[in-house]
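> Okay, here's the structure, questions in a sec.
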Amino acid sequence: MNAGKMAKITAINGAQPSPGQSSGSIAVRVQVEFYMNENTFKERLKLFFIKNQRSSLRIRLFNFSLKLLSCFLYIVRVLLDDPTQGLGCKELNRSCSNQNYTPGTIDWSPIIWVNRSLPLWGLQVSVAVISLFETLLLSYLSYKGNIWEQILRIPFLLEIINAVPFIITIFWPVLRNLFIPVFLNCWLAKHALENMINDLHRAIQRTQSAMFNQVLILISTLLCLIFTCICGIQHLERAGNRLTLFDSLYFCIVTFSTVGFGDVTPKIWPSKLLVVIMICVALVVLPIQFEQLAYLWMERQKSGGNYSRYRAQTEKHVVLCVSSLKIDLLMDFLNEFYAHPRLQDYYVVILCPTEMDAQVRRVLQIPMWSQRVIYLQGSALKDQDLLRAKMDNAEACFILSSRCEVDRTAADHQTILRAWAVKDFAPNCPLYVQILKPENKFHIKFADHVVCEEEFKYAMLALNCICPATSTLITLLVHTSRGHTAPWEAFRQLTGTKQTLNRESQQSPEQWQKMYGRCSGNEVYHINLEESTFFAEYEGKSFTYASFHAHKKFGVCLIGVRKEDNKNILLNPGPRYIMSSTDICFYINITKEENSAFKKQEKHRKNHESKLSYHGASRLPVHSIIASMGTVAIDLQDTGCRGASGATLALPAEGGKEGRRPSIAPVLEVADSSLHTCDLLSDQSEDETTPSDDEVSAGFEYAKGYPPYSPYIGSSPTFCHLLHEKVPFCCLRLDKGCQHNYHEDAKAYGFKNKLIIVAAETAGNGLYNFIVPLRAYYRPKKELNPIVLLLDNPPDMHFLDAICWFPMVYYMVGSIDNLDDLLRCGVTFAANMVVVDKESTMSAEEDYMADAKTIVNVQTLFRLFSSLSIITELTHPANMRFMQFRAKDCYSLALSKLEKKEREKGSNLAFMFRLPFAAGRVFSISMLDTLLYQSFVKDYMISITRLLLGLDTTPGSGFLCSMKITEEDLWIRTYARLYQKLCSSTGDIPIGVYRTESQKLTTSESREMASQSQISISVEEWEDTKDTKEQFSCRGNHRNSTSSDQSDHPLLRRKSMQWARRLSRRAPRHSAKTAEKINQQRMNLYRRSERQELAELVKNRMKHLGLSPAGYDEMNDHQNTLSYILINPSPDTRLELNDIVYLIRPDPLTYVPNAGPSRKDSFCNTVGQDTREETQL
């Protein structure tokens, strides 16, 4: 190739003048030749034999074949040779033919001379000549000035020993039968094989693993040692035992394996010496080879090796790319990924640049994961590492950010580069990317699925303020349930089976835990309407009709649809939407329809079943849902004889003495447009349609439109309540007056609604997503809560530009560590306090200590302001057990034991029964990592979650809101009747209930927990109570049984002791019941005294700051209640007072003709009337 180039260049430069031109008029031309290499014969030979990769590989392959051929010819010669027949040169050894071996003497003739036939000699001479010529040529070409370096090389010496004697026999025929150790060519073959493998890697431009080369070297070394020993022992023993090749092989294997049977042994000293030499060589060479192999094996264990191409083509695998792999992240991914039955045969290849830590290594050695998970140490930015992971054959690639990094922006930059590298290497591989900062999201728009952590986090925390426990609701929906309830208990309740359980089973979860755990198994599924048993019969009917009747008949909650020709999902498109056979239905259920078995209930039931179900028309049919191994059996009620009005839902008059109770209108198959439009838009309060005088005077006239400024690229436009003119930046500062207003604290503003306070470290762009859902257009103006941002660092101008258009949004520089800052920002009359995890504390030397500061600060808030609803974000979900911590609370200890049991069972949400999580008062963004994992199976989950949180707004799609059950609403009685009422009146779809109830503790349970929850108070003069001290129990309820944190205050202890002395003088003898009551009163007094002391501290600080302490409620707290969520409860679930129902409300703009907002004029195109927030029942 190079020679051709040089010839072409020479021809161009050596052109001759044309005949028409004179030599005098032509300038002198000089012929120039350009060479990439020296134009010498040696250099051209060197280029062919050494430098050129492909030709060099062919030469080495030919050399390797020659060496193997010489060894093969040697074996043929041994098999054809017979030592008893003529021994070579008869002129030199005439007396050797009849000589026998005697002990002590060695006949050297069979060792020196062999019987070699003429054709075999010709072949061996030819091979020797070619080998010697090639060796001399390569030595000449690689000569660099030192001749001895070439001569003293071991391969050159072996070549001389094996080839030169054959050439000598050409000129001296007498020596043709001279023994030549041709078997030593096996070492030259080994050397040629190593060079050939190296040239092969260079030729195909591929780096094979060092492990393969080392294993090849070790095997070839072992074979050469054994072959040399076999041939050497066989030849030397020609003068001794005359062993065959097989006998020599047997002897070598027995000797090298250290077995040593002794049946075959060398007889003469030369063969014994050879055995000693070979054993010494093996003891030196083999350990070195094994050491190098072990080192490479350890390095490979660290780096993870390769994922073979054959496995990638025959098996399905996904790749997980992370910057650092923590055990929590790994277990969350594996548990969620393998929770789906169809993913059991998938393999997970982890590509991580760091070395595997000890915890991860131990987990991956468990047989459950060792056969499924492959760890590769490498970088996603290197094509070699992506090739090792077979990224181009992967089913998906998950790229996760490291949220524990100090610089989260830098972590996002690394994630972006990884996504770009994977997209460049494997364009067809689906990408699932997790990003931290919303401003970096537009760089990875090409990814198939993207989850921005701060977007979801702030939107979820915002909805927590208006729809309690939204974070818990979303977390439970996006997790794959594995049955968080006791399956036997659920089955026993549904079937009426009675069986004696063991002692541990008698300590079953409480009723709220059973309901909460059973409902937490609900997930979002999808199915085509024409293929569905749930929804096929509702083709051509309205959406609300299909949703209500599907829930009534099957217990499933239809929440949204997607048309075949449209990618957008519509949550509750409203009663005007007509179901089509090609629609994709999205529903909430305990399991998907494909795993359900349907049974028609028999008309004739057994006697005991009839007795259980005999309640007349007042009892609703119970839809039995029995979950076992992913399959649900649903008992279908025969509703053919019932009218569409659902008369069985109406409550009968008790005893016929009361008048007729209110009835519920039926859900129409096709919505009456005039009726529903009137229901949704016409019944509005006057303060919604016409601003009050106070609002006009205060300048609180709001417009509806799109925010004119977004703090980052890629934010979804949302129709919001906005101000006509932006607020000056000076007026956004809550604690400092300006020329426009003179207020310096929240109390001075005189807000009508309670505050929502957000405590954050910095005003990041994600905080914008906290404000938008709280200012969405469908929130009534009269219910907008003022928002106060309590920031550690002052916000920048870009952020202030974004929030200055929103009404009643303020900020204040301060910290939750400072009580004065909390009081100035209005914590005493705040509805919710949201504590966002600080970025600077997310990384710590001990991982779980990252939340230490946040937890202690929240505990302080909980102690000082017990009536305040605090919503906290934590880095690690495991730290939820420290929220509102009570060291001696027996109920908290019981929940801790329950959590440990759930963790031992392999539960994805072991902490789900913790009271703060169940009540929605604590949240960790890592719990939403499963949203990205679930999108691999359910590609619609991210879209539905964004719609529920208000991050995306699709025309015609509904939004998440809530309503509270009051005393006037209790006539509805059941969840099914509520479902019907909402669908028939406003078109709302209920999806769950948030229930708050008081904690009750039975006497038996209190006695069992008494030893753990008692408060030891040493009273000197009350000695009579010592004997009955162990009988004192934590009466009342679980959480008021002890103080939240029993600190030793001398004043309080002295008052308690004086109170106890007075009681002991009045009643020296007490019964168990009376003593129990006294103990409870004493503990209540202790708690009340502690609260009063904290209240005095807060009031003194308020007076010092010039604030009125009138609004401070020091006694009211939430310690006596517990809250939990019931997702898609059964239709016969009874409603209770103060239940909060989660609703998906239709888009109000859908019902207003020509009300579509225009982006060009975001302030002029407003909706004339607001949707009514409260549903009147």
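Note: Cβ is positioned from N, Cα and C throughout, glycine not excepted.
Heads up, here are the entries from TrEMBL:
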- 61-80: transmembrane segment (TRANSMEM)
- 121-142: transmembrane segment (TRANSMEM)
- 154-172: transmembrane segment (TRANSMEM)
- 215-236: transmembrane segment (TRANSMEM)
- 273-298: transmembrane segment (TRANSMEM)
- 315-451: domain 'RCK N-terminal' (DOMAIN)
- 753-893: domain 'RCK N-terminal' (DOMAIN)
- 1002-1017: compositional bias 'Polar residues' (COMPBIAS)
- 1002-1053: region 'Disordered' (REGION)
- 1154-1177: region 'Disordered' (REGION)
> How many helix, strand and coil residues does the domain 'RCK N-terminal' (753-893) contain under DSSP?
60 helix, 29 strand, 52 coil
> Mind checking which residues reach the transmembrane segment (215-236)? Cβ under 8 Å, same chain, six or more beyond either end.
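Hits for the transmembrane segment (215-236): 71, 74, 78, 111, 179, 181, 183-184, 186-187, 190, 193-194, 197, 243-245, 247-249, 251-253, 256, 266, 268, 270-271, 274-275, 278, 281-282, 285-286, 289-290, 293.
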> Taking DSSP states H, G and I as helix and E and B as strand, how many residues of the domain 'RCK N-terminal' (315-451) are helix, strand and coil?
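Going by DSSP assignments, the domain 'RCK N-terminal' (315-451) contains 59 helix, 28 strand, 50 coil.
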> Average the per-residue pLDDT over the domain 'RCK N-terminal' (753-893) and send me the rounded value.
85
